[in-house]
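**Q** Can you keep this structure in mind? I'll have questions shortly.
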Amino acid sequence: MQLVHVLVVLLSVVAHAKKFFIPNLKANWHKAHEFCISLDMNMVSVESPKDHDELVQFVRKTDKFSNATRFWLGASDLAEEGVYTWVSSSRLMTFTNWAENEPSSTEAENCVEMIHNTYVNRIWTWNDIDCRGFKAYIVCEERQSIAQFR
């Protein structure tokens, strides 16, 4: 009986570990989504403060980190204006880290980026922006079949 209990605890711990990948290229949101899928990965979902902290800590350790950097998140309101969902799961965004006055929710700004820009005081905050007209770093995460049982 103890073996089963240990296995369940181990699976629970594994289910919460996220593995990120940031390639050395920038793309628009749609190309970023296609790129992650081509690697059998998802665009990153940030569904809790813990997820956000893990992503920030990962980014800070890469060569992509600077005083003015932008990263795509796997969220958009393309399906329904003003209703942001995670592309990998279709779940509504319940945790957010929007910058002040964001999302601005114009019809042209449907995709979500995470910004670290000390010049405009946006420190790891989120912004809605045009999906096609802007290039940012791609953030993919490993797909986890166990994650659906969280």
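Cβ coordinates are placed from backbone N, Cα and C, and glycine is handled just like the others.
In case it helps, Swiss-Prot gives these features for our protein:
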- 1-17: signal peptide (SIGNAL)
- 18-140: domain 'C-type lectin' (DOMAIN)
- Asn67: N-linked glycosylation site (CARBOHYD)
- Cys111-Cys131: disulfide bond (DISULFID)
**Q** When you measure from the Cβ of Cys111 (disulfide bond), which residues in the chain that are at least 6 apart have a Cβ under 8 Å away?
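**A** Looking at Cβ-Cβ distances below 8 Å from Cys111 (disulfide bond), excluding near sequence neighbours, one finds Trp29, Trp72, Ala75, Ser76, Leu78, Asp128, Ile129, Asp130, Cys131.
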**Q** Other than its own, how many Cβ atoms are within 10 Å of the Cβ belonging to Cys131 (disulfide bond)?
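**A** Result for Cys131 (disulfide bond): 21 neighbouring Cβ atoms inside 10 Å.
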**Q** Over the domain 'C-type lectin' (18-140), what is the model's mean pLDDT?
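**A** Mean pLDDT, the domain 'C-type lectin' (18-140): 95.
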